[in-house]
Structures are given as C-alpha cells and as structure tokens.
C-alpha cells in the first residue's frame, strides 16, 4: 500500500485514512484531517502562514 502526503500540511497519511478531494479540473488532493481540508478548500488559507502547520511539519521531518 502507498502512503500519501497531505496536500496542506505534508503529514503522512496511512492507507484507509484521510480525505480525498477531486477538483473540477481533475486534480486530486489528499488531506490528513478535516482541519487541513477545511483550511485549504473552504477558507483558502496559505499553509506557510499558519503556525500549527509549521510545527506539524517540523515534528514529522525529524
């Protein structure tokens, strides 16, 4: 099974978990949590400007 990366925060998503979102142009985005999904799709936030994303990326990169 393939482990995917979250399109918003970059966290690993194990098989069977997360949200898969397909845009109208056919682009597939995968999210590890509803928090990432809503931040990206509903609010259109930039992950580089959010402190919790930077902390999560630093934690997963170790």
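From the backbone N, Cα and C atoms, a Cβ is placed for every residue, glycine too.
Among the features that Swiss-Prot reports, Zn(2+) binding site is placed at 6, 9, 32, 36. As annotated by Swiss-Prot, zinc finger applies to 6-36, with the evidence given as sequence analysis.
Swiss-Prot feature annotations superimposed on the structure.
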residue: 6; record: Zn(2+) binding site; Cβ neighbours (10 Å): 24
residue: 9; record: Zn(2+) binding site; Cβ neighbours (10 Å): 22
residue: 32; record: Zn(2+) binding site; Cβ neighbours (10 Å): 23
residue: 36; record: Zn(2+) binding site; Cβ neighbours (10 Å): 26
Tertiary contacts of the zinc finger (6-36) (same chain, 6+ residues out, Cβ under 8 Å):
47, 53, 56-57, 60
Go ahead and report the DSSP secondary structure tallies for the zinc finger (6-36): helix first, then strand, then coil.
3 helix, 10 strand, 18 coil
Quick one: which residues besides 6, 9, 32, 36 have a Cβ within 8 Å of the Zn(2+) site's Cβ centroid, in sequence order?
7, 8, 10, 11, 13, 18, 31, 33, 35, 56
